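Feature annotations, courtesy of TrEMBL:
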type: DOMAIN; residues: B:5-209; note: domain 'PdxS/SNZ N-terminal'
type: BINDING; residues: B:Asp21, B:Gly150, B:Gly211, B:Gly232, B:Ser233; note: D-ribose 5-phosphate binding site
type: ACT_SITE; residues: B:Lys78; note: active site, schiff-base intermediate with D-ribose 5-phosphate
type: BINDING; residues: B:Arg162; note: D-glyceraldehyde 3-phosphate binding site
Amino acid sequence: MKIGVLSLQGGVIEHINHLKKLDIEAIEVKKIDDLKNIDGIILPGGESTTIGKLLKDTNIFLPLKALIQSGLPTWGTCAGMILLAKEIENDERRHLQVMDIKVKRNAFGSQIDSFKRIDIIPEVSNKPIELVFIRAPYIREVGNNVHIIHKVEDKVVAAKQNNILVTSFHPELTDDLSFHRYFINMIK
Amino acid sequence: MERYELNKDLAKMLKGGVIMDVTCAKEAEIAEKAGACAVMALERVPADIRKQGGVARMSDPKLIKEIKSAVSIPVMAKVRIGHFVEAQILEALNIDFIDESEVLTPADEKYHINKWNFKVPFVCGARNLGEALRRIGEGASMIRTKGEAGTGNVVEAVRHLRQMNEEIKMVQSASEESLMTISKELNAPYELVRYVWKNGRLPVVNFAAGGIATPADAALMMQLGAEGVFVGSGIFKSQNPEKRAKAIVMATTYYNEPKILSEISEDLGDAMFGIEIKNLDSNFAERGW
């Protein structure tokens, strides 16, 4: 199994290191050719405006969108969630628009409002998982086909729609591998 | 410590990106549109500070607020070295990152800010490993090479990054029993020297800054191991800021692809006017210790 991590800007190496710990081959996706022969792709955290712009400037946009629409297992963390969302409440920009969710950017506030918490998410692991929110978005509305995985104070922060997984938080910034394992199981 | 972890994590999310100096809301919008991963709000870019002289201070909070409301990306702002009240003011404005910067006129010649007193993250300049580790010891969540701001001359940024890389390699290959001696020689906290010895890198993200003016400069710093770049005067002091900003963003992502670099370097108009380091009246990099 080979998983690509979109490597235009943001926290790329953290995802790659986590995948390697699980004995998964992980590559950086920077160009169209890198999309060949991957079994799944992670859109990492970073700045969605930056990554979204580079996606369009580099012609990865359309082939990536087509791959996701044809079923490539895809996981967006934080900025990655924004890139995948059909609607963004507080931004005119739209990106891949492949998941039936409406998200709010920087929804918890500026950096001073970034936070950590520890929750049990039964679907992912029976052990408590550390959740790291950095200027994080959350999901305001979900379509009928979207399965909600986790909420924090009524706010949807993890969800899945068919082959697409999104999290507001950053499992790659913790020592816990459960979410990466969960994503790998989506590919198997 | 949890706050510090979150602050180091924000810096990680900036990696592979370009942080651009902007002096008004309009420039901030141009920067965001060009793909900047954050902006640095300030009243005068370093090139103008150099030219006009006088005491350079923290920006007017009104300007910072305007820039904050104009963009959705993180907004940083500078405070003078040691000026903890300017930092308190920026924290009260909910700024995303404070740059304790040698570009502004230092407020304290002896002490840098005790950054542990703050919830918001700090980035600090450094010329070498010891300086970087001292700033981290004081609570910095991110480091940037100082370079020589406002010159459009990348030579000092290269010198500082190479210096840091060489010292990191030296520490990494040292024996365990020599770490305290290294800590003494570098004037750096022992625990942080130990971290570098174990991990072969700084415990925080390290960007390049000070003199980057072209896409090739940005790519050079990335190839030398910077995790992202700050571009100050280089963008809005050039002939075509919008185009140059986009090209530098692209070059920071595709720093290892000469073919792409050659395409994006084409027809950018004049870069900012550069200055030879030996002709400078004052070296900003020598401010702070």
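From the backbone N, Cα and C atoms, a Cβ is placed for every residue, glycine too.
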Tell me the Cβ neighbour count for B:Lys78 (active site, schiff-base intermediate with D-ribose 5-phosphate), meaning other Cβ atoms within 10 Å of its Cβ, over all protein chains shown.
26
Radius 10 Å, atoms counted are CB only; among the binding-site residues B:Gly211, B:Ser233, which position scores highest?
B:Gly211
Quick check: in three-state DSSP terms, what is B:Ser233 (D-ribose 5-phosphate binding site)?
helix
B:Gly232 (D-ribose 5-phosphate binding site): tally of other CB atoms within 10 A of its CB:
30
What mean pLDDT does the predicted model reach across the domain 'PdxS/SNZ N-terminal' (B:5-209)?
97
Between B:Lys78 (active site, schiff-base intermediate with D-ribose 5-phosphate) and B:Asp21 (D-ribose 5-phosphate binding site), what is the CA-CA distance rounded to a whole number of Å?
10
Give the number of CB atoms, excluding that of B:Arg162 (D-glyceraldehyde 3-phosphate binding site) itself, located within 10 Å of its CB.
14
Hey, of the binding-site residues listed (B:Asp21, B:Gly150), which one tops the CB count within 10 A?
B:Asp21
Report, in whole Å, the straight Cα-to-Cα distance of B:Gly211 (D-ribose 5-phosphate binding site) from the residue listed as 'D-glyceraldehyde 3-phosphate binding site'.
15
Within the same chain, and leaving aside B:Asp21, B:Gly150, B:Gly211, B:Gly232, B:Ser233, name every residue whose CB is within 8 angstroms of the centroid of the CB atoms belonging to the recorded D-ribose 5-phosphate site, in sequence order.
B:Val45, B:Pro46, B:Ala47, B:Val103, B:Ala149, B:Thr151, B:Gly152, B:Gly210, B:Ile212, B:Val231, B:Gly234, B:Lys237, B:Met272
Site extent for D-ribose 5-phosphate (largest Cα pair distance over B:Asp21, B:Gly150, B:Gly211, B:Gly232, B:Ser233, Å):
12
